[in-house]
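Annotated features, as they stand in TrEMBL:
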- A:34-54: transmembrane segment (TRANSMEM)
- A:37-194: domain 'Cytochrome c assembly protein' (DOMAIN)
- A:74-94: transmembrane segment (TRANSMEM)
- A:106-125: transmembrane segment (TRANSMEM)
- A:137-156: transmembrane segment (TRANSMEM)
- A:168-191: transmembrane segment (TRANSMEM)
- A:211-234: transmembrane segment (TRANSMEM)
Amino acid sequence: MNATQSLTARTGNLFHRYANPGRFLRMGAKLQPWLTWPALVLSVAGIVWGLFFSPADWQQGDSVRIMYVHVPTAWLASSGYMGLAVCSLLSLVWRHPLADLAAVEIGPVGAAITAVCLATGSLWGKPMWGTWWVWDARLTSVLVLFFLYLGHIALIRAFDEPQRGYRAAAILGLAGAVDLPIIKFSVQWWNTLHQPDSITVTGAPTMSTSMLWPLGLTTLGFTLGFAAIVLARLRASVMESRVRTILAANRGRQSATAPQPERATS
Amino acid sequence: MTHLPYIVAAYGLTLGVAAILSINATLRLRQARRRLAAIEQPRTRQPS
């Protein structure tokens, strides 16, 4: 029990070292260009390669090129929510202040990326399957993920007292993580119209390396881009919070030094 | 390219959303930095 407590405390101390806003802003400013510029270069290289230099699929023709934007957004929709769930855990267990702010900022970016994933999937599905949408296990579980993001965005801003919103949204963030393995294994557990994964951790990829390279570039570029956008939003959020704190302190100081109205003595 | 409109729409949508998110984050960060600098400057000028 003591060992568990000390491990929890030690882990908490490790995370809280980066909770200092000044330290975070300095670290974030240094990290920002290392995320932004590689994201831009890799994304542009991957998109140009995928659009103009990678081969067309023997079955799908040129519409396979939608894969170079659809797969990275699908990966980011899930991994972004995983980031949200980690922030929720940090918030609930260690009351980490930056984890709450990060959760606020990941939500809208993750929701936008999930919407793009669903839309590009539809744009790929229409010429290939002949329909924009089917209530297939993979598509439906990603739609549920989109609604989880929207629910998180609404819940975290729903309370006048921000801490209550952070707690409620963190519980939703953790509970919603159940959807992630469902998305991952939906194509194996159910008979779906969506194709099975072409790239797995254990097996060899089932696609040509001439397609795998641009896909890898866009996936890495989009991931760095997602991290860069979230970091920029988080830095802005920390600065805004600092501005609010300074203004509140100034108001408190002014009201303390202001002359008090004289009370009538009876 | 037989499916050109679908490909153009998919790439246009992705790049459009990426651009909106990036520009929004950049402008917000710039504004927050400017506001913080404006508030912190008079504080640093105060005699200790």
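Positions of Cβ are set from backbone N, Cα and C atoms, glycine also.
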Recorded stretches the transmembrane segment (A:34-54) and the transmembrane segment (A:211-234) touching, at least 3 CB pairs under 8 Å: yes
Same-chain residue ranges lying at least 6 outside the transmembrane segment (A:106-125) that approach it to Cβ under 8 Å: 63, 66-67, 69-70, 73-74, 76-77, 80-81, 83-84, 87, 131-134, 139, 142-143, 145-146, 149-150, 152-153, 156, 226, 229-230, 233
In contact by Cβ distance (the transmembrane segment (A:137-156), the transmembrane segment (A:168-191); 3 or more pairs under 8 Å): yes
Outside the transmembrane segment (A:211-234), six or more residues from its ends: residues with CB under 8 Å to it: 28, 31-32, 35-36, 38-47, 49-50, 53-55, 57, 64, 67-69, 71-73, 75-76, 79-80, 83, 98, 101-102, 105-106, 109, 113, 199, 205
